[in-house]
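As structure tokens, the structure follows; a few thoughts come after it.
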Amino acid sequence: MNYSKIAKKNFFSVFSAVIGIVLFIGVIKKVGFKELLSVIGQLSLWQLFFLIILLVLFVFVSVCRWRLLLSMINSGQVSWLNSLKPWLSDFAFSYLSPAPSFGGEPLRLRIFKESKGDKVSWAQVAATIFIDKIFDATANLIIVILGVIMLFWQHALSFPLRMMIIIIVTLSLAVIGAGYYRMIRRQGFISTLAKLFHLSKSQLWQKIAGHVDEMEQVVHRFFSFKNPFFLPVIFLTILRMASVVARVYLVILFVSNQQIGLIGVVIILSSTFLIYFLPFPGGLGGFESSQAFLFVLLGLGAQQGLAYALVMRFAEMIPVSLGILVVLQASMKSFLNNLNGGRTP
């Protein structure tokens, strides 16, 4: 075990979390705690109810899409609970990791495999998770590109900020574009990605290297217009993003009492996706600061921007909390199973 690498990872995680907390506290002090409470206090119960309904729709559509991908690999009948639990665990730890919506995939795979046993191939389930994340990344990138175009068109930004946004968008577009090109041409994209990000030497990669061919076969089979699952997955991806756009629009409306139109919503949502590229767990601090700045730029006010960020974070913490409970339950079950000599209690 390489303790030096583990120490560096832990130090980086703690350091990024501390920076995020400092930013979070700093932006609240700058905006004013009383002013922030006055904005959030205007929210009514029925407004919160609508936001929770949209959040439930987001989770429902997300799980539906993954279940559809699972049915493609003949995994048998998967109950809603056995697909919801792994998805929640992935969402929670991807949200908390200092990476853009990635990091919880091994948990999703492990918890799903524990529920299905040897009925499904490890590599095939991993392939469905990979496809699921590819569609998330693609939808997010489309929103980011649209938001950047609209932001550049409507507002003058500083040159360093413009360059940072352009570099992030260009690199993301290049990676995803190359991925689709290789997948459609049935070339090995997963192995190429592992080499690109220097993952091929990691312990995790050494464990899964023998299954990569099987994973890529599933991916290649999926990315075909002849595949009956392809268009339904695209439709569910659009519906999933529509629920996010609707939630963003309503939160902005509720905290600012102003309608900013679809262009403003896309700009704000794209900034959210961009900010998660910063190495802060859950975008802590960076998300709140960016929204306070962006709302001022859009003429809505810093208090409203920070209130928007906190309401959105509160909503997202519901599935995050459930996901953490799922992982704790699975860990306790595994611990008790080991105490009983491998027999499930």
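Here the Cβ of each residue, glycine as well, is placed from N, Cα and C on the backbone.
Copied from TrEMBL, the annotated features are:
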- 12-33: transmembrane segment (TRANSMEM)
- 45-64: transmembrane segment (TRANSMEM)
- 134-153: transmembrane segment (TRANSMEM)
- 159-181: transmembrane segment (TRANSMEM)
- 229-254: transmembrane segment (TRANSMEM)
- 260-280: transmembrane segment (TRANSMEM)
- 292-311: transmembrane segment (TRANSMEM)
Highest-contact recorded stretch vs the transmembrane segment (45-64), from 134-153, 159-181, 229-254, 260-280, 292-311, CB pairs under 8 Å: 229-254
Cβ pairs under 8 Å between the transmembrane segment (229-254) and the transmembrane segment (159-181), at least three: no
Other parts of the chain folded back onto the transmembrane segment (134-153), taken as Cβ under 8 Å at six or more residues beyond its ends: 65, 100-101, 162, 165-166, 169, 172-173, 176, 179-180, 233-234, 237-238, 240-241, 263, 266-271, 273-274
Same-chain residues near the transmembrane segment (260-280), Cβ under 8 Å, at least 6 residues beyond its ends: 12, 16-17, 19-20, 23, 98-101, 140-141, 143-148, 150-151, 154, 165, 168, 244-245, 248-249, 252, 286-287, 290-291, 294-295, 298, 300, 308, 312
